[in-house]
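Student: Mind looking over this structure? Questions follow.
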Amino acid sequence: MAAVLASDMEQLNSDLREAALIDDVDLIETLIKQGADVNAGNQFGKTALMRAIESGSELSVDVLLAHNADVNARTVAGCTPLTFAAEFGYDVITKLLLDRGASVNSRTRSGWNALMIAARQGYLDVVLRLIAAGSNVDNVDNEGETALLGAVKKGFIDVAKALLSANANPNIGNQRGVTPLMLATQRGDVEMATLLLAHKADINQRDLSGATALIYASESEQIDITRLLLQHSADIDLQDNAGETALIQAVFRGNAEIVALLLAQGADASKVDQAGYTALEMATTKGNAEIIDLLNANVKK
């Protein structure tokens, strides 16, 4: 008999999760009256509340909360109702959860909190609500990435503005030392880079390979970003761990326009990388006549 009762309960709980997913409020109420456990999870740990959130069912969420659904329940992967709401950009549901005491800084097994998730998806309203609720803007995930890094990576300028206005640190790099400015530089995102510089991003900060934002710009062949960084007094001759400068990178990439810009701004063409190459020797190896001429003309000055 006990096994049958357990089986019946399991079915009730499964039906409740399904009712939440399809936003059937009447069925939700009926199943709870019949004894369904509002906080029972499936094999992945997803509860009825989480299923309701996945479908964006505000009314079902409200009903489940009224029946004391656990706002801080976790799936096997460590996801919470709040991280689900953030993932789908549901601002109203986010408010409902926060009003019921959802933990704003709870993290998934990957180290993501709701703010990081919303920022990476570009959900500005949710980001603003989470910040107002006290979310830590400088939390990092298991890869060392902040909400700001996530927003910059996707080019979400308004989200980045919101985070920076909440005093997010623009100089926190990920596990490889890559900063928001480096990412913006790599993307060629002048507006984002300008924003970060206005909020005191360290223009000469290095990643674990020793590369600076200027080296990133040269390596990615981003002429406008290169110009912007130079206008903000980036150190033009810094070398990475391989001894390469922005100039050597530009020569290696065969980008004569960036080579000319760097030389015009006083780049030192005599710097030698760890392989023993100067910019001119690199250009000669590559056989790029235009760049060779630029470098030779620079030597004669």
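Placed from the backbone N, Cα and C atoms, the Cβ positions cover glycine too.
TrEMBL annotations: computationally assigned, not manually curated.
So TrEMBL lists the following for this protein:
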type   : residues : note
REPEAT : 11-43    : repeat 'ANK'
REPEAT : 44-76    : repeat 'ANK'
REPEAT : 77-109   : repeat 'ANK'
REPEAT : 110-142  : repeat 'ANK'
REPEAT : 143-175  : repeat 'ANK'
REPEAT : 176-208  : repeat 'ANK'
REPEAT : 209-241  : repeat 'ANK'
REPEAT : 242-274  : repeat 'ANK'
Student: Please indicate, using numbers and ranges, the residues of the same chain that are 6 or more beyond the repeat 'ANK' (77-109) and have a C-beta under 8 Å from a C-beta there.
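Tutor: Beyond its ends, the repeat 'ANK' (77-109) has Cβ neighbours at 44-45, 47, 49-50, 53-54, 56, 58, 61-62, 65, 69, 71, 115, 117-118, 121, 123, 125-126, 129-130, 133-136, 139, 141.
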Student: I'd like to know the mean pLDDT over the repeat 'ANK' (143-175).
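Tutor: A mean pLDDT of 98 is what the predicted model shows over the repeat 'ANK' (143-175).
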